[in-house]
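As given in Swiss-Prot:
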type     : residues     : note
DISULFID : Cys31-Cys127 : disulfide bond
DISULFID : Cys81-Cys133 : disulfide bond
CARBOHYD : Asn135       : N-linked glycosylation site
SIGNAL   : 1-19         : signal peptide
Amino acid sequence: MPSSSAVLCCLVFLAGVAASRDASTLSDSSCTHFPASLPHMLRDVRAAFGKVKTFFQMKDQLNSMLLTQSLLDDFKGYLGCQALSEMIQFYLEEVMPQAENHGPDIKEHVNSLGEKLKTLRLRLRRCHRFLPCENKSKAVEQVKRVFNMLQERGVYKAMSEFDIFINYIESYMTTKM
């Protein structure tokens, strides 16, 4: 679960933007520049993941993949928007809170990674053409089912494959630009 101070900060920010007379101009402007800023945002997410990647990949002792080709196919297909939205929510609400329980250093880095993912989600939501959806993805449901079956090992598996998730985000976004 996101910390209450982070949620409060986001709500105050969003209220300020909504109250602004130029809110739609700001949103349109940021959406115009979003495709150009996406590589930088993904680079930041990758760098944040790099700080915990080795830890989680060393702990992941499973030979199977959690993030499968069917998920990438959903990202590239008509369910891409929903698959992306659900996977961001899955990592923020299910994976990362459990991943933070592996010591203060890991918690700090996972928290930073989560904040960068939240920022990306916020930008995607502001630019409706990138995230205008509500249908459920069967591939995401499969990822969640396997994650839950793996119990504690699911955290290691999901976090060790976070770089694959970043690549899937990039693949989805390139189809939308």
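From the backbone N, Cα and C atoms, a Cβ is placed for every residue, glycine too.
The disulfide-bonded residues considered are Cys31, Cys81, Cys127; of these, Cys31 has the fewest other C-beta atoms within 10 angstroms of its C-beta.
DSSP assigns Cys81 (disulfide bond) to a helix in the three-state reduction.
In the three-state DSSP scheme, Cys133 (disulfide bond) falls into the coil class.
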